[in-house]
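Trainee: TrEMBL lists these features:
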| type | residues | note |
| --- | --- | --- |
| BINDING | A:ARG43 | L-glutamate binding site |
| BINDING | A:GLY77, A:ARG78, A:TRP103, A:THR155, A:ASP175, A:GLN198, A:ASN240, A:THR241 | pyridoxal 5'-phosphate binding site |
| DOMAIN | A:6-351 | domain 'Aminotransferase class V' |
| MOD_RES | A:LYS199 | N6-(pyridoxal phosphate)lysine |
Number of protein chains: 2
Amino acid sequence: MSSAPFNFSAGPAMLPAEVMVQAQEEFRNWNHSGISVMEISHRDRAFMDMAAAAEQDLRDLMSIPDNYRVLFMHGGGRGQFSAVPQNIAGPDATVDYLHCGIWSDFAIREAQKYVAQVNVVGATVDTPQGRAISAPETWQRSSAPAYFHYCPNETVDGIALHDIPDVGDVPLVADMSSNILSEPLDVSRFGVIYAGAQKNIGPSGFAIAIVRDDLLGRAQGNTSTIMDYTVQAKDGSMYNTPNTFAWYLSGLVFQWLKRQGGVEAIGRMNHAKANKLYEYIDQSDFYSNPVHPNYRSIMNVPFLLADNRLDGEFLQQAAAAGLVGLKGHRFVGGMRASIYNAMPMAGVDALLDFMRDFEKAKG
Amino acid sequence: MSSAPFNFSAGPAMLPAEVMVQAQEEFRNWNHSGISVMEISHRDRAFMDMAAAAEQDLRDLMSIPDNYRVLFMHGGGRGQFSAVPQNIAGPDATVDYLHCGIWSDFAIREAQKYVAQVNVVGATVDTPQGRAISAPETWQRSSAPAYFHYCPNETVDGIALHDIPDVGDVPLVADMSSNILSEPLDVSRFGVIYAGAQKNIGPSGFAIAIVRDDLLGRAQGNTSTIMDYTVQAKDGSMYNTPNTFAWYLSGLVFQWLKRQGGVEAIGRMNHAKANKLYEYIDQSDFYSNPVHPNYRSIMNVPFLLADNRLDGEFLQQAAAAGLVGLKGHRFVGGMRASIYNAMPMAGVDALLDFMRDFEKAKG
């Protein structure tokens, strides 16, 4: 199952091959019911059991402490850009945001609708070794923010903040849409962790929010009820009909990840995959990566050709070789290899082979 | 493909058997790509073409005029309970709601968060012939409401308002979650039509909003951007990553519906299916339906046993006979047969056979 095509799409992204085989097999006959998992009530006992098992598997994988609620939400990661300020900050609050890239920027602009003051504490900085994130000691933090928000892995820019910021008692909120479950994480450092599903979890139109329970009960009065953490926590994420197929498929992904050895094992593999790509890019004059070595993503590896007039040819020939989804985000251009959990080493090796051949032919 | 099990679930509901066969076949190899439709970017050309074709098929099926925008939204029907007032009414507005049942009630309570005054113009009334909806001439309408909202088919109660209310120039808004595409409809009478997908359209976690374009550009400032009609209209429902698999599967359902002869043909079939059930129930002393004959749903047929101590046995034996999803909503009890577009006449016939046998054995 580790053969072409290899799908480097940034999201919606490839899902584990084993998961897709199982989902196809039981597509019209789930749990020996003779019907599809997407055709039954979310209040059906068998569905509820599956849903609870999926949550437990995620708790096991991330070692989520008991004082955190796991919510399965509508709307993807971007829905959380409004859900976070609406749920855990009052309209008169000040909130702190670290600006790490494009998705941080969108989150900041959305938060401005719901609180009195969005304070940007710091941002990316260009250094001789590439783009980095300003050092914590330079951040202009507020005295009493309702929370501190950052995006530890910027999908478009390929920039990552590998150290968890130390913000004391301020609730730390992280948009982990593109790096959740990619390596071990100390959940207890966070107030809220959220992620759109369509990278390391499952299909799109779905999000997970992991919320420390002391942050419940604070929603602004005009929060849409389907996005209200407190309501969804009370109703087991079934205040309204959830995205049942996404919940099911995410559950299969969690089971698969457990079989791989969990986040420790997948984390070692993810670092190995990323290192291989960065090492090759760094020794090449034909390809380059614009990010400082200490701030490079292990999930999204953007790279530029020295001559961008070859971009179209690169993408065309890569696709012909079964390497798809390599086009960089429309905001930044170039290429991007997204190598989430589901991407096997064989995919990275195939990409490297292609990049070497292309460099040889055109370099 | 018209054999047991027959799935009478109110939603998530059964999808057309032909659609599920096709979706299973191409589950891991969509459009000859070698990967799944849920694993590609929503900005991929092939996906965009599919998405546009799905919209066009829906426009064809419903004869949607050019001055309406079709939006593919996150969050299901319940997400629209807040989206409607946030998008087309100001915070100082008065809005009119007709209270037709349980879902009307939820919609009213959600709207109260966003406007100054939610005026309930009328409600259900109990008559000697069963539950009905108060007559339009008795409605206490406001002088200048921002819109008039009603739910023409109440899924839980099995109550329907078959005549479109005449509200003059006031934008008419309808929650058609459980009756969209069930029979011909004059879309031009409406300001907004919305529907959660999981009955007549596709899987859950998805909604469609059909919005007359003069109602765009009015969103309240704190509307979550993913729920902003104007933004999603401008961005072709791709401001954020949509629920791509649901969009795809809905497109297959639209194609299937065209092959059935469209809403005229399916409407005749739906009336025939419902009439058969109501006729049998009405002549029986063992089963009853609580709704006035003029206000009965053609999609959701609730019925009660004369002796509700037999409910458990009825459901158990029905399930053993391959008739599933017949349990009434937890708020009202009893039974409910949801017979959406995808339910073939053979399913209704199988249910009737079972009901006759059960009555004979227990009546």
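Glycine too: its Cβ is placed from the backbone N, Cα and C atoms.
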Trainee: Using DSSP with the three-state reduction, classify A:THR155 (pyridoxal 5'-phosphate binding site) as helix, strand or coil.
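Mentor: The three-state answer is coil.
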Trainee: Name, in the order they occur in the sequence, the residues of the same chain whose CB lies under 8 A from the CB of A:GLN198 (pyridoxal 5'-phosphate binding site) and which sit 6 or more residues away.
Mentor: A:GLY11, A:PRO12, A:ALA13, A:GLY76, A:SER204, A:GLY205, A:PHE206
Trainee: Could you tell me the mean pLDDT over the domain 'Aminotransferase class V' (A:6-351), as a whole number?
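Mentor: Averaging the confidence scores along the domain 'Aminotransferase class V' (A:6-351) gives 97.
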Trainee: Among the recorded positions A:ARG43, A:ARG78, A:LYS199, which residue has its Cβ surrounded by the fewest other Cβ atoms within 10 Å?
Mentor: A:ARG43
Trainee: Would you kindly determine which recorded positions in the set A:THR155, A:ASP175, A:LYS199 have their Cβ under 8 angstroms from any Cβ of chain B, listing them in sequence order or replying 'none'?
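Mentor: Listed recorded positions meeting the cut-off: none at all.
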Trainee: Going along the chain, which residues six or more apart from A:ASN240 (pyridoxal 5'-phosphate binding site) have their CB under 8 A from its CB?
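Mentor: Spatial neighbours, sequence-distant, of A:ASN240 (pyridoxal 5'-phosphate binding site): A:HIS74, A:THR225, A:ILE226.
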Trainee: What whole-number value in Å do you get for the largest C-alpha pair distance within A:GLY77, A:ARG78, A:TRP103, A:THR155, A:ASP175, A:GLN198, A:ASN240, A:THR241, the residues recorded as binding pyridoxal 5'-phosphate?
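Mentor: Of all Cα pairs among the recorded pyridoxal 5'-phosphate binders, the widest measures 30 Å.
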Trainee: In angstrom units, rounded to an integer, how far apart are the Cα atoms of A:TRP103 (pyridoxal 5'-phosphate binding site) and A:ARG43 (L-glutamate binding site)?
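Mentor: Cα-Cα, rounded: 35 Å.
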Trainee: Which residues does A:GLY77 (pyridoxal 5'-phosphate binding site) neighbour through Cβ under 8 Å, counting only same-chain ones at least six apart?
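Mentor: Non-local contacts for A:GLY77 (pyridoxal 5'-phosphate binding site): A:TRP103, A:ASP175, A:SER177, A:TYR194, A:ALA195, A:GLY196, A:ALA207.
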Trainee: In the three-state scheme derived from DSSP, which category covers A:ASP175 (pyridoxal 5'-phosphate binding site)?
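Mentor: Going by the DSSP assignment, A:ASP175 (pyridoxal 5'-phosphate binding site) falls within a strand, counted as strand.
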Trainee: Radius 10 Å, atoms counted are CB only; among the binding-site residues A:THR155, A:THR241, which position scores highest?
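Mentor: Of the binding-site residues A:THR155, A:THR241, the highest Cβ count within 10 Å belongs to A:THR155.
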Trainee: Within 10 Å of A:ARG43 (L-glutamate binding site) (Cα-Cα), which of the binding-site residues A:ARG78, A:THR155, A:THR241?
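Mentor: Cα filter at 10 Å returns A:THR241.
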